[in-house]
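Pulled from Swiss-Prot, these are the features on record:
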type: BINDING; residues: 87, 108, 109, 116, 181, 217, 232, 284, 294, 295, 296; note: substrate binding site
type: MOD_RES; residues: 215; note: 2,3-didehydroalanine (Cys)
């Protein structure tokens with residue numbers, strides 16, 4: 001008989017199996033120490049129920065005012081992250097928590113962020129994460145089963161929804177989803193050197209249908225650094241490295257190699273770096289750039305590549321900002 005699997009619940013994870021005590025107006029959950037930890041409201045949904053009144057234009061203004069305020073605020077960002085998959089979201093969380101003074105804009109082409117991290121692989125639910133990437137699960141509060149050299153999150157969506165919630169709750173992070181990066185801003189400074197200075201954006205539906213309509217010009221976001229984690233080759237995948245290559249700013253891409261889990265995850269993490277001044281590449285996009293192996297349905301490499309990208313960004317940000325302000 002196989003030994004029982006240890007289930008690890010980080011201290012920041014939510015408890016759902018605690019004893020309850022009902023009062024007249026609330027259901028109160030007791031903590032393991034017996035103290036009252038959370039009071040749930042009573043939902044009175046009888047025939048007298050009604051929502052607070054609202055006018056349709058109020059809803060429209062509530063959305064548009066905030067969105068256009070965000071567009072104005074993040075038109076000059078400190079760091080832009082392209083791609084809100086497991087690597088991109090992890091990078092945004094790491095930078096946002098370690099440097100709350102920085103403005104971080106995330107650009108995601110899909111309506112739904114998360115990339116390929118909503119399922120473990122081939123429509124299966126569980127997510128396998130090789131150690132020591134369980135450290136990040138502990139930090140954000142995702143419970144898992146400890147299997148020795150690896151851990152298993154019961155559903156990949158539990159990780160993705162958690163890292164997304166933790167990241168988007170940060171006051172210095174803004175996600176622009178359903179928004180595609182169509183090009184890069186590349187500037188030659190007074191020192192004669194070229195640098196990435198931001199991204200060119202458009203609504204994804206526009207980007208997908210340029211051939212079916214009259215021209216619609218894009219928008220722009222300036223940034224001192226761009227972190228690209230757009231995944232492997234696809235309609236929007238590996239976009240930034242493909243654009244660097246087509247603009248002859250880097251040599252030709254080497255294309256992703258066949259699957260080798262042990263080799264792939266180590267190489268992705270170790271190889272995450274600034275590939276062109278102002279452009280850091282991580283995640284599966286890096287495998288298209290370097291010609292590294294794919295790793296398949298194991299996600300520790302994506303998480304730690306995101307952290308490595310964030311560490312690289314934080315290590316050079318102040319220098320890049322100073323150089324840009326001096327020469328651009």
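Heads up, the Cβ atoms here are built off N, Cα and C, so glycines get one too.
Features recorded in Swiss-Prot, as mapped to the structure shown.
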| residue | record | CB count, 10 Å |
| --- | --- | --- |
| 87 | substrate binding site | 36 |
| 109 | substrate binding site | 27 |
| 181 | substrate binding site | 28 |
| 215 | 2,3-didehydroalanine (Cys) | 6 |
| 232 | substrate binding site | 16 |
| 294 | substrate binding site | 17 |
| 296 | substrate binding site | 14 |
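A coil conformation is recorded for residue 109 (substrate binding site) in the three-state DSSP classification, outside any helix or strand.
Secondary structure at residue 87 (substrate binding site), as computed by DSSP, is helix.
Secondary structure from DSSP puts residue 181 (substrate binding site) in a beta strand. The separation of the residue listed as '2,3-didehydroalanine (Cys)' from residue 181 (substrate binding site), Cα to Cα, is 16 Å. DSSP assigns residue 215 (2,3-didehydroalanine (Cys)) to coil in the three-state reduction, placing it in neither a helix nor a strand. Between the C-alpha atoms of residue 215 (2,3-didehydroalanine (Cys)) and residue 109 (substrate binding site), the distance comes to 19 Å.
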